[in-house]
Structures are given as structure tokens and as C-alpha cells.
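The annotation domain 'UvrD-like helicase ATP-binding' is assigned in TrEMBL to 6-287. Annotated ATP binding site per TrEMBL: ALA27, GLY28, ALA29, GLY30, SER31, GLY32, LYS33, THR34, in sequence order. Look at TrEMBL and you will find 288-564 tagged as domain 'UvrD-like helicase C-terminal'.
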Amino acid sequence: MISLLSGLNPEQLEAVTLPYQSALILAGAGSGKTRVLTTRIAHLIHSGQVSPNGILAVTFTNKASREMMARIAAMLPINTRGMWIGTFHGLCHRMLRAHYQDAGLPKTFQILDIGDQQAIIKRMLKDLAVDEKAFPPRQIQWFINHAKEEGLRASQVEAHDSFTRRMLEFYRVYETLCMREGMVDFAELLLRCYELLTRNEILRHHYRDRFSHILVDEFQDTNRLQYRWLKLLAGVDLPRSAVVFAVGDDDQSIYAFRGAHTGNMQDLEHDFAIQKIIKLEQNYRSHGNILEAANALIEHNRGRLGKNLWTSEGHGEPVRVYNAVTDFDEAAFIVDEIKALHSEGVALSDIALLYRSNAQSRVLEHSLFNASLSYRVYGGMRFFERQEIKHALAYLRLIAHPDDDHALLRVINFPPRGIGARTLEQLQDEAKLHQTSLWSAALNKSGGETTAISDEGKAKKGLPSFVHLIMMMQRACANLPLPETIRYMLTHSGLLSHYGLERDGAERLENLNELINAATSFVHEAEDDSLVAFLSHASLEGGEHQADHHQDALQLMTVHAAKGLEFHTVFLSGLEEGLFPHENSRNEVNGLEEERRLMYVAMTRARRRLYLSFSQSRMLHGQTHYNIASRFITEIPDHLLKWLQPLSKVNSESFRSVSEQAGFTFGRNSWGQSAGKEAIQERLTANSSEQLSRWRIGQNVSHAKFGTGVIINYQGEGADIRVQVQFNRAGTKWLLLEYAKLTPL
Ligand code: ATP
Ligand code: MG
């Protein structure tokens, strides 16, 4: 226990042991903000200033809150499970569950994730006979969420034009729909919780009395509503309010596009009468060169609050830069480096592959898979978003709450049970007419509860069979433990046998079994292990936790998802104009500065080694793009960079012709340093025209894996030529000529 405060530097110690007063710790990446926050919680409890019940701590991701609990548990012999540590969404959800009646929600209310929400908006548009082209669902979704994040209900939004009036109409209908089906979207969790505390004095007092210390990590990314929620909970208007301890870094504010409001920092200072802002300037994470590179980059932003980060570690290694010819080449390079690092003893889980957009992960995944390197993708196609899992969850939702139209529509005819579009239409008409859920309409139509049950045993088809199935599941699962409920549902719904028959069903079956495992570990870990609690967990958690987390695996994620984390080695790929900085932001100062902060976040995740790579051509959304290196690379001083060496000799003639043909342009660094230039030359020579002339449409070829076939088409230029081959057995495929190793026949 003596070790609790030891090892902290004087500023950190001051922050951890501050007396009962609100504080803002403003400090750069890797300076120990999260460590200070966690240590302060342990210190407050350990020194008897507050019981674990009196603490509310907000983190940005589920991963971060799990880590925080683990760190506290390592410092103190207490059970952190019941503590109020979580994300804004998670904490609000917890309050709403506890007070669902006061919040005007059904006991079994369900959470809608982004995908569900979009599906519901689409369904609504169909019901209203509105053309999706005139009012794209995404736009409506953005409008609704944005309004909610500003704390506004439809009646509170001012509409000065016909477009906004139309949007408000959608907002209203959407709300009615969600309420009728007992569904709550992410933004609603927060807004409803805020409204609950505003309206209900008893609850407000209860929570204000309870939480005397509110601690917030990544404060720079809070939005207005989250800030108002904190303020309300702390009770700043009272003589003795809770104290707020917020840590943040203005240079890492990367959620402005989702309503994050950096003005919250100034508001906090003012509203909570903060006398002193503590700064931490020593970075404990990264070696000198990495830190210096990140500092130099972020200096290009204006209007910063200003910090000076230093490290007592040595310079370490230079930042490595790789200039690839294609995205495949980039991935191949990354794979080679990973293999080398791994053989030197770096754990795969201590290596991160970061990218700006999710779409970039595909090529990387492909190469990692071929190289048999284990990896986990965070925030990509998340476990609970997979089709088969969504189907399974829909059945579970119906067991818990059959009035959930969304769930019902998903599985009423899946696996197919002969319920056609006509039956469904009649059902929807009926439900509309009587203002009921589809389930009530189905019950009516299939002869009511009694017939459905007394019919048991007889072979049923169509709607009655579905009604019967759901009722049977409800009865059977009423007293089963959660994993058994899932097992029962998987068998009786027909999902297992359906996917068992599918050609590519093996992986889906594996995932369905994984759902049982997920439920088993949920039952062990959660306080409330009911089906309803599990369903909420599935929506909030995203399922990253369920993936096999014991295995040593590379970590793939977007830069946004990497916030707050650290790794021995970071590969940051796709550093190209248009991709990073993203094209939507390039022409606008605020947008560009936010991209630069994102780049700063990415670079500062690395402890020892940082790789930056870009590719001259890249296949994205089915098109080949020719790129120039990101300006961010040129913003890093040359002496901190190491351009990786080419492999062999150079043919400058073919280099120039191919690169001109492809329209390549390079940033200062790639021209300025011969190593980078030679690397490009070497790769391009491999594809010089003399090699290309060996191929023509109609050419018979053979491929090591796909066998023999004939070239039927080609696209791209220079180094990026892809050919389409119709294989005799393996079907038609597009292959990158440089890598396909085709043999002419
Ligand atoms: P970010 O801005 O990226 O969220 P942060 O400011 O929250 O970073 P931490 O993650 O808390 O920084 O700390 C960065 C690393 O430095 C961690 O590995 C942490 O354990 C280590 N660290 C922090 N303070 C000290 C210290 N006083 N002595 C040794 N290591 C420290
Ligand atoms: Mg942190």
C-alpha cells in the first residue's frame, strides 16, 4: 500500500492528493493523466475520504473502463465490480435500468445500436411512403442524434425552413416508434437520463448525496449534453457540491464531428470555480524521437493551449517511413516488419496497426491472414453486429419483450417458415389499424394465445408456427440460466440447423457458439445476469471483450479507437492526402486541425517504435486512387525520420515513365532523400513495360492456387495493373499482376 503514491512526480502527486476541490488537469499525451486519475480514486478510498460507493468515474471506452477497474483492484483489496466506473452511455444506462418507471420506459427496454437505428429509420420511411433518395436515412439519423446530443426534443428545435420541418416530422414519428417498441438509441440514453434527473427531485438528490467525487478522463471529448449531465449530477448550484476532477488534452480533441465541445474546458473552470489548472509535462510513454516528431507536428496547429512535453528517456530509434507502390506492397512490408519484431521478442499484442478509416483494414487483414499472424480488429465488424448474431439476438429480444417490432421483422421468416410478404403486409396493416405491436397483431391473427398453445404437437406452418415458437421459448426459458436459454433458443429457432446446411455456415455456427461463451462469461462477471441485462450489454459493449482475449494477437483499429492506449510498436498506414488528412477536411482550417490532432493521437500511442507508411496507389471502394504523401509526413523534421532502404538497383528511365504515366507526385521528403526515391524506383522497375508486354487479353495462364485460366480483362496502369482471369475451376478473379505470379501458357 505504501507504493500507492510512490513513483509519482511532484505535479502528479499534487494532483492525486488535491484536497476537496474541483480540478482540471491539462496535459499532453502519455504524461500520466489516466494514471493520476486512477491513483486518485485509489488514494481517496484508501485514505478514507470516500467509500467506493461515493465515486463516479467516466471513461471514454469500455476497454478503458475495464482497465481502470483492473488498475484500482491491483492497488486496493476491494471489489470494483459494483463501482460506478464506465462510459457516459454505460452509466446512464445503469441509472435508466434502475429507474425505468420514473424514466417512462418499459422494464425490458432495449438499446438500439447505430445499425439498428438506421434500419428503423428505413422502415419508418417505407411506412410513410417517403423516397429514401429525397431524404437519405443517414441524414435523418444524423439530424435526430445531433438534436439529442444538443439536449433537444423535436418540440424544442426551431424550424425556419421546410427541410427542417420535414426532419422534425421524422424525428417525432421515430420517437413514437421507439417508445411503442421500447427501444432506446445511444443518444437517447443520455438525454433521457438527463431529463430524469432534471425532473425527478428525489432521484437527483439521491445521486447528488451519493457521489461526492466525479472523475472524468478524456474530458476534451465531452459534448454539451454530457457536460450538462455532469453539472447536474455534481449539483454546482448547491452550497456543497460534488467535486469534479477532469483530465484532458486539447491537442487530442478528436470528436468535434460528433459534437464534442472544447469550450467545456473553459466552462468547467468557470462553473466549478477551478482555481488552478495543473499541467503535467513529463512524458513517460515514448522515446525522444517519437515525442519530438509528435510535438513538431502538432505545432502546426493554431490556438493551442500550449504545452511542452519532454522525456527523460533517450532519443531511441528514428521514426521509420515507408513509401509503398500499392496498398498490397504496403501490407507486405508491414507483415515482414512484424515478423522480424516478433522474432526479436515483441509480443504481437504490443503491436498496433492503426488507420484513418475502417475500409483500410481489409487489405491488411488479408495479408496478415495469409501470413498466419493472429490479429484482432477493434470496432470493425463487431461481434454483435454479425448477421447470425443479430438474428440470435432478435430471438432473445422477442423472448424478453415480444412487442419489439424490429426484432420480430428480422426473424419472423428467418429461418424461412413460409411467411410471405402478403401475410406480413396484412399483419402490418392490422397493427397500424389497432395501434398495436406486430406481435399483438400476430397473436390475434393466429387465433390467440390459447389456440396457439393447445395446437402444440400438430405440425404448424406460417404465422401460427412462429407465434407458437416464441411462446414456447418464453415458457421454456423463464427459469433457465442465461447460457441455457441461448442454447435452447439456438436449437428451437432453427438457426443452428439452418446455418449447419449453409455452404459457408461453419464460421457462423462458431460465432453462435461463441455467443453462448459470451453469455457464460457475462454471468460470471455481471451483477445482474438477466437476459435483459445481457441484451443491453450486447448493444453497449460491441463484443470486443468476447473475442479470444487470451491469445497473443496484433491489434487493428482506427486511430479514433486507439485513444488512451499505448503499444510498443505502432504502424500507421495510409498516410496519403485525401485519406489522412481525410478529403472531407482538407480545405477547411478546423477540419484540417482536427485531422492533425488525430495524427498526433496516432503517433503518441507508440512507446518505442513508430512506422509511417503511404502508398502511391490504393484500391478503395472499387477504384484505384493515385496518391501523394500526406502533408503530415512533411511536417515532421527530416532528422527524426528514417526512409527505409530500397532492395536493389535502379532503372531511372522506366521509373520516370511509369511514375509520370501514373501521375505520381511526391512530398518534399520522398524527393529530398535518395533512399526513399530509390525504394520507389526499385519497386516500379519490377513492373516495367517490357514485363507487361508478356500479357494480353486471351492469354492462357496458370496460377499456383487457382489453376489454369484465361485473361479476360485488365485495369490500372504502371505498378498497379490488375488482370481479370477466368479460371477453369476457381471462377473469375481480379489479381494484382505484380503479386499474382502468373505463368503464361
Ligand atoms: P493519453 O493522453 O494518451 O491518454 P495519459 O496522459 O493518460 O496519456 P497514461 O496512460 O496515464 O498517460 O500514462 C502513460 C504511460 O506512462 C503509462 O504506461 C504509465 O504507466 C506511465 N507513467 C505515468 N506516470 C508515470 C511515472 N510517474 N513513472 C513511471 N511511469 C509513469
Ligand atoms: Mg489517458
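Each residue, glycine too, has its Cβ placed from N, Cα and C.
What TrEMBL says about a protein is an automatic prediction, not a curated fact.
Sequence features, as recorded in TrEMBL, placed on the structure.
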residue : record           : Cβ neighbours (10 Å)
ALA27   : ATP binding site : 26
GLY28   : ATP binding site : 26
ALA29   : ATP binding site : 25
GLY30   : ATP binding site : 25
SER31   : ATP binding site : 28
GLY32   : ATP binding site : 24
LYS33   : ATP binding site : 25
THR34   : ATP binding site : 20
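Under DSSP, GLY32 (ATP binding site) is assigned to coil, being neither helix nor strand in the three-state scheme. Residues SER31, THR34, taken from the binding-site residues GLY28, SER31, THR34, are distinguished by a CB atom under 6 angstroms from ligand 1. Checked against ligand 2, the binding-site residues ALA27, LYS33, THR34 give LYS33, THR34 in sequence order as having a Cβ less than 6 Å away from one of its atoms. For the recorded ATP site, residues ALA27, GLY28, ALA29, GLY30, SER31, GLY32, LYS33, THR34 set the reference point as the centre of their Cβ atoms, and the other residues of that chain within 8 Å of it by Cβ are VAL247, ASP249, LEU280, ASN283, ARG285. According to DSSP, ALA27 (ATP binding site) is assigned to a strand segment.
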